[in-house]
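Quick look at what TrEMBL lists:
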type     : residues : note
COMPBIAS : 211-222  : compositional bias 'Basic and acidic residues'
DOMAIN   : 20-411   : domain 'Major facilitator superfamily (MFS) profile'
REGION   : 206-238  : region 'Disordered'
TRANSMEM : 21-45    : transmembrane segment
TRANSMEM : 61-81    : transmembrane segment
TRANSMEM : 88-106   : transmembrane segment
TRANSMEM : 112-139  : transmembrane segment
TRANSMEM : 146-165  : transmembrane segment
TRANSMEM : 177-196  : transmembrane segment
TRANSMEM : 266-287  : transmembrane segment
TRANSMEM : 299-319  : transmembrane segment
TRANSMEM : 331-351  : transmembrane segment
TRANSMEM : 357-379  : transmembrane segment
TRANSMEM : 391-409  : transmembrane segment
Amino acid sequence: MSQGEAAGCGTAKPQDQGWAWMVLLAAVVLQGLTLGFPCCIGIFFTDLQHEFQASNSETSWFPSIMVAVLHGGGPLCSILVKRFGCRFVVMLGGLLSGLGMVSSSFCKSISQLYLTAGLITGLGSCFSFQAGVTVLGYYFVRWRTLANAVASTGVSLGFTLWPLLSQSLLDEMGWRNTFLIFGGILLNCCVCGAIMRPIQLASGSLPQSAKPEEEPGSRAEEAQLSNGASPHHPTLQQHTKRTKCFQVLQKYLAFDIFCQNKGYQIYTIGVTWMMMGFALPHVYLVPYAIHDGVEERKAALLISIIGFINIFIRPLTGLLSGHRVFTGRRIYLFSLAVLLCGLSNFICVISAEFSVLILYCVILSIAMSGVGALTFQVLMDVVEMDRFSSALGLFTILESTTLLIGPPLTG
């Protein structure tokens, strides 16, 4: 275990009590500020298209890059967490997110938005969100399922409040000043990170963890040296480089788990495919409703309805999945939620009237609650907690690929 991991994500005693609940509260706010934020981008679609004379597909690249980087920056986040600890990474993410949105308010072209709001804000949100999820796994053991479900209600709060706030600020100040204010709001991720103070290690664990681990590659080197091979031999040097490269990939991207753990392999591939369409309602529902004659304020309300219902359904899903009956069977609840989420989208084909879209939002939000509450809990079920950060890195970078191409492809 590295120094940063020991400081930020070590084994905690006591767990499930005391300061852990303050960390959970910070995680709720954190997920609202990060995962909940991209849902409001659709409200700015029309203004951005008029400002930069951009098409649907060109404009949709900006939220696509943001969401893809938010999920795909996992390996880099994993490296930083192991080196510096969760607290530092969350606060670094807050600074990047705020900087990205402040810079976005001065952009002169849609391509500049790809860099500022897309890449910088997305990367900052990734650092804050994933480090916050990781630290929860160490603060909670007995109540881990409930803690993950409660933390995910922050996303629901974000879905509810971000669109309402966005529409109000957009009407009063325009999109540039709104983005400037958003930068200040996202800086509150730093406050959440400050609450996630370093965890005290269990007594006696530090000396053991401080011992240098024997690297698999060193055995191969010793074997070849014992056979008379020179340490400067080109073949041995190439072998050593390949071994070290494999060790880095294994440590931070969990390729060994992906190859050996069938449960993790199937789950990762399934979620990656699901993400192709999962983010589309948040990007296109508001423009779709406005295009079909729904008033702008009513259209923005649709996303808030999804978020409001999520607030109540996600904790209930967490309590239900935490029951002993579902121990080892949470994957089936997750699969049912994904199925309902996909089928609900057929409602949009029937009609674009506001009443029909409300029905669609209700059913979609119930399904999304199950998906959101169980995604990381199921991942914790299929991999060991000491490899969770690495497994999360590979998991998110794969799903980011489909998250990136989904909205522009649809546009």
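Cβ coordinates come from backbone N, Cα and C, glycine included.
Nobody curates TrEMBL annotations by hand; they come from automatic prediction.
With Cβ pairs under 8 Å as the measure, the transmembrane segment (112-139) is packed most heavily against 21-45, out of 21-45, 146-165, 177-196, 357-379, 391-409. Contact between the transmembrane segment (177-196) and the transmembrane segment (21-45) is supported: at least 3 Cβ pairs lie under 8 Å, counting only residues 6 or more apart in sequence. For the transmembrane segment (331-351), the residues of the chain that approach it from at least six positions outside its boundaries are 263, 267, 270, 274, 277-278, 281, 288, 317, 320-321, 357, 359-360, 363-364, 366-371, 374-375, 378, 381-382, judged by C-beta separation under 8 angstroms. Counting C-beta pairs under 8 angstroms (sequence separation of 6 or more), the transmembrane segment (61-81) reaches the transmembrane segment (391-409) with 3 or more such pairs. Here the domain 'Major facilitator superfamily (MFS) profile' (20-411) returns a mean pLDDT of 80 for the predicted model. Outside the transmembrane segment (88-106) by six or more residues, the chain places 4, 8, 30, 33-34, 77, 80-81, 112-113, 116-117, 119-129, 131-132, 135, 176-177, 179-180, 182-184, 186-194, 196 with a CB less than 8 A from a CB of the stretch.
Pairs of Cβ atoms less than 8 Å apart link the transmembrane segment (146-165) most often to 21-45, out of 21-45, 266-287, 357-379, 391-409.
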